[in-house]
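*Asks:* Once you've had a glance at the structure underneath, I'll fire off some questions.
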Amino acid sequence: MTRTLLKIYTLFILLLCRQRDANRKLLVFLIDGFRHDYMDDLHNLPGFREIVENGVKVDYLTPDFPSLSYPNYYSLMTGRHCEVHQMTGNYMWDTDTQKEFLIGTNPDSRLPMWWDGSEPLWVTMQKLGKKVYMYYWPGCEVTILGVRPTFCEEYVYNPSEKNLTDSMENALNALKSSKADMAGIYYEKIDVEGHHFGPRSPEIQRAIRSLDQAFQILNQKIREKNMRDTINVVLFSDHGMTQLKWMEKIIELDNYINMSHIIKMMDRGPVVSLWPKQDKFEEIYQNLSTADNMNVYKKHEIPDRFHYKNGQFVSTLTLVAEPGWFITENKAKLPFWNNGTEAAGGWQHGWHGYDNEFVDMRGSFLAQGPDFKSNYRAGPIRTVDVYNVLCKTLGMNPLPNNGSWSRVECMMRSSAATAGASLISCCFLLLLTLTGVC
């Protein structure tokens, strides 16, 4: 009888350990605009340093083209290029319905037409019966393919540090209690400060240090809650940032064309979408082609390497500025920063959206947890690769995507190594129990 009970107990312990591995949770952070070199000074960033020492850091993360936010939000969570998932810009226009997508702020931006081009990870998880909590994540408030996450703290402009730390605490509690299988937190301040003051400004350095303090708190909370062996933490950004000399490097379209011949213009900056009147198309194309510091593409001429031209909402003419240059209709229509006490100054000193291979557009990727190697430096990866990493940590089969497993496999602990470590810990637990230590 005693031997039978021992066998049953042994089986129970081993099953418990297997269940523990199966119940590993995932916490992801989308840090908007966090350039690849923002954490180069790890000596003075102890929060980031601990994650790097305990986990994986890639050399850099190449965004999808255009190196803008919404296209890359979706590439990160679908593993697909923009022309595949159809989220091709922060500002889009549908010629059939005349609807506009305006960086997610207007009611029409929640229409399924913009989002249903591909299935993001959180939708797949919900379909599989898993639970997802999301905090300020753009798109979590949208019904995509008929599905919404279990919980969504809707996006607000530039969430505060308190919003961030509160979200961390709430997310960890939801994951530990199994209310959530994955939690995602979006943080915008790095992007906002980079735009306003530039990527090398004192303001961006302060924002980075503030974020580092939040990650120090996160690391401490994970230890206090005894979650180091049960949670994978992944941090990534959507793009980088480059210095912008406001008003000095401006391409004014009305110097080359009559804007009344344009049916629709969407966005300004590094990438501008134009829909000229049909009878003026060739004239406008030829005139814009004479402009310096800018490439003009008919839709079918857009370089294949951009993985962009087959997008449903791509315009008939796409303008792409050289790095550091800014395309607009006219200087006079640009806003200025003015606090009422000083001379009006440049509205923005940093920008992104340029050719995705431009070095300043590179983003960041860090990860730590039981499924990742420790103190490991990996080579460059691409935005579309991140999805496969997330699926791997969740034990899910990824949907067809454009990512490369070969670029990210090196950062993962092998299944055998993970299983071996788990088995050793479980056997040790069993030994302690049998000897009466616990």
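The backbone N, Cα and C atoms fix where each Cβ goes, glycine too.
Below are the features listed in Swiss-Prot for this protein:
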{"type": "BINDING", "residues": "Asp32, Ser69, Asp238, His239", "note": "Zn(2+) 1 binding site"}
{"type": "BINDING", "residues": "Asp32, Ser69, Asn90, Asp191, His239, His352", "note": "substrate binding site"}
{"type": "COILED", "residues": "162-226", "note": "coiled coil"}
{"type": "LIPID", "residues": "Ser415", "note": "GPI-anchor amidated serine"}
*Asks:* If you measure His352 (substrate binding site) to Ser69 (Zn(2+) 1 binding site) at Cα, how many Å is it?
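*Replies:* Cα of His352 (substrate binding site) to Cα of Ser69 (Zn(2+) 1 binding site) measures 9 Å after rounding.
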*Asks:* What is the number of other Cβ atoms found within 10 Å of the Cβ of Asp238 (Zn(2+) 1 binding site)?
*Replies:* 28
*Asks:* Given Asp32 (Zn(2+) 1 binding site) and Asp191 (substrate binding site), what distance in Å do their CA atoms have, once rounded to a whole number?
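*Replies:* Just about 5 Å between their Cα atoms.
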*Asks:* Provide, as an integer number of angstrom, the distance between the C-alpha atoms of Ser69 (Zn(2+) 1 binding site) and Asp191 (substrate binding site).
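*Replies:* Here the two Cα atoms lie 10 Å apart.
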*Asks:* What's the CA to CA span in angstrom from Asp191 (substrate binding site) over to Asp238 (Zn(2+) 1 binding site)?
*Replies:* 10
*Asks:* Within 8 Å of the Cβ centroid of the substrate site residues Asp32, Ser69, Asn90, Asp191, His239, His352, which other residues of the same chain have their Cβ?
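*Replies:* Near the substrate site, beyond Asp32, Ser69, Asn90, Asp191, His239, His352, sit Gly33, Ser67, Leu68, Asn72, Asp238, Gly353.
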*Asks:* Among the binding-site residues Ser69, Asn90, which residue has the fewest other Cβ atoms within 10 Å of its own Cβ?
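*Replies:* Output over binding-site residues Ser69, Asn90: least Cβ neighbours within 10 Å is Asn90.
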*Asks:* Measuring Cα to Cα, how far is His239 (Zn(2+) 1 binding site) from Asn90 (substrate binding site) in Å?
*Replies:* 13
*Asks:* Whole-number answer please: how many Å between the C-alpha atoms of Asn90 (substrate binding site) and Asp238 (Zn(2+) 1 binding site)?
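*Replies:* Computed Cα spacing between Asn90 (substrate binding site) and Asp238 (Zn(2+) 1 binding site) is 13 Å.
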